[in-house]
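Asks: I have a structure I would like to understand better, so I am pasting it below and will then ask my questions one at a time.
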Amino acid sequence: MPSMTDSTAIALLSGGLDSATAAALAQEAGCRVIGLSFDYGQRHRRELQAAAAIAEALNLAEHHTISVNLASWGGSSLTDSAQALPVDGVQDGVIPSTYVPGRNTVFISIGLSLAEARGADRLVLGVNAVDYSGYPDCRPDYLDAFQTLADLSSKVGREGRGPRLWAPLVEWSKQKIVEEALRLGVPIERSWSCYSGGDHPCGVCDSCRIRDAALQAAGRPDLCSSASR
């Protein structure tokens, strides 16, 4: 774990387990963490409520929510309620319908803008190995390419002091993420990973299944969705 004492980090905070764990890791490393969430036209607001709850629980220095309506042109089952959400499991080599065109590129760009404005040293991302199997914008080669773009496209980058993209979970299994979240005291019960809204996770979408399997493996079935207990 790199030492980041006295550093400022911008943490993209979706409301899910992964981004919450990444933010907590940045805090443990000594960072002053600013949370950044996005209302991008997703099917429900439950994850934004979770992001606010996590920011409060982790006592983040600041938390901002930015509106970027990616639902205007659709292209994803996460922004278009007419499309069915996937429930058949993650398939190798297949980009699922929950991929939102350009989402991470938009989010990271805005995060870098905030980082440069605030003099932040890091941009913390919760992408991980599970996402690698599906989403093109959660892979190590994408992150490497974006770091190059960030260095070339900003004043601080050209001056050799641009913020570093930090994705500590990128090669972790979901079980390891859960175990680290438990160790760090991340409020898992306040996080939201389900593709659907409502008062309780559906337990059948791909995201719920991956999360529940990891919680079971980590010995915390009590935190699983009620459908899988």
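Each residue's number is its place along the chain shown, starting with 1.
The backbone N, Cα and C atoms fix where each Cβ goes, and this holds for glycine too.
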Asks: Pick from C194, C224: which one does Swiss-Prot list with C202, C205, C208 for the same Zn(2+) site?
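Replies: Within the candidate list, Swiss-Prot flags C194.
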Asks: Taking the center of the Cβ atoms of L13, S14, G15, G16, L17, D18, S19, A20, T21, A22, A23 at the recorded ATP site, which other residues in this chain have a Cβ no more than 8 Å from that point?
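Replies: What remains near the Cβ centre is A11, A51, I54, G126, S191.
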Asks: Which residue, out of the binding-site residues L17, A23, C194, shows the minimum number of other Cβ atoms inside 10 Å of its Cβ in this structure?
Replies: C194
Asks: Can you check which residue among the binding-site residues L13, C202, C205, C208 has the largest number of Cβ atoms within 10 Å of its own?
Replies: L13
Asks: Determine which residues of this chain, when C194, C202, C205, C208 are set aside, have a Cβ within 8 Å of the centroid of the Zn(2+) site's Cβ atoms, and list them as they appear in the sequence.
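Replies: Near the Zn(2+) site, the remaining chain residues are L85, S193, Y195, S196, P201, G203, V204, D206, S207, R209, S225.
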Asks: I'd like the number of other C-beta atoms within 10 A of the C-beta of T21 (ATP binding site), please.
Replies: 28
Asks: CA-CA, which of the binding-site residues C194, C202, C205, C208 lies nearest L13 (ATP binding site)?
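Replies: For L13 (ATP binding site), the closest Cα among C194, C202, C205, C208 is found at C194.
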